[in-house]
């Protein structure tokens, strides 16, 4: 009897151990190990990890006035849209990768079976539309900013139209600004207000209106030559070989675009559905670093320091920001508070040129196809600068010694280039950017003489 009892217990314990081992093997971490490298397709939470514990957490000390005698009088915010679906172009790349893997990949690994049984659910008509997570990105950001700066964003200000909302015409931006307003309404439990916003592509999509940028960069086959060269580099070649070997697919069939599609698919599944997809198993840390660099190269040469016109195309937005701050300062001086905040929603392509124009994240050496190994510590890293819902916030203060200004990127206080003070005098900042404020004329920078126009369409 005792023998039977002990044998039964032994079998139960053994079974539990086996099941436990099985579960531990199948268990997936919530966050992919490579999530830090997702670039412009990364979640906002990877930049602010404390939000994983409390999405509405606000560090009051970070948003505190420069000194007790200072009072916030105006805010200008430039915000990227929230998490979105892939564009039609990337959906097509993902579909080609999936078809190749299903028809040619072989092996007995469990993750490969998970990939093969994965359902292709992305459709071309999604085309970059905002997802529910993207709406939450903006709802929650609105609530945090309102709590950080209650004297600028309040229910009374909203009712009095002292908060102005401006957006790009793209559906993902319009939906984001409406979600931002929803967040404020939820915070104050407001039910009876109509949404108001203004579409202004000359500000939020200035790159489309800059003829010189469109002709010399957007349509120019050679403008992104560093990106093309890196696609055929030894580093990218190693990534392709590793992934094709894991899938047992001939290397010749696994193109650089396929490797990038796998990377994007991992990032989309995580950002949109919070899933650590089996597609993430195709890539390790070194693969992700290479693919992140490839995408940073693209941003650098198309939106950042690669070509001077990239930065100069943002002159209209740069001037508009300072006009708003100037007007707020002037209104306050005469006791006429008209607007307390401007919320402007655009794209990663809106923020990167502006930040580059203002000389943020400028590395000593340019990013090129050859210097991947030298750029591991680069400051121009889109993962940290422009994840979904990235935001650049200017806050103007009236202090006893004059007007001062603070700048926040993704809710973190940053200092202006070549300035030591975290809240310099506003006039000091204006002097620092005097050449841009007195020049950087859109027509002069962006108009192309008719004789120089040529067909450079890809």
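Residue numbers in this text run from 1 along the chain shown.
Every residue, even glycine, has its Cβ placed from backbone N, Cα and C.
As annotated by TrEMBL, disulfide bond applies to 70-399 (among others). Cβ neighbours of residue 399 (disulfide bond) (same chain, under 8 Å, six or more residues apart in sequence): 65, 66, 67, 69, 70, 71.
When other Cβ atoms within 10 Å of the Cβ of residue 280 (disulfide bond) are tallied across all protein chains shown, the result is 25. Under the heading disulfide bond, TrEMBL lists 266-280 (among others).
The signal peptide annotation in TrEMBL covers 1-22.
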Within 10 Å of each Cβ, count the other Cβ atoms, then let me know which of the disulfide-bonded residues 70, 266 comes out lowest.
-> 70
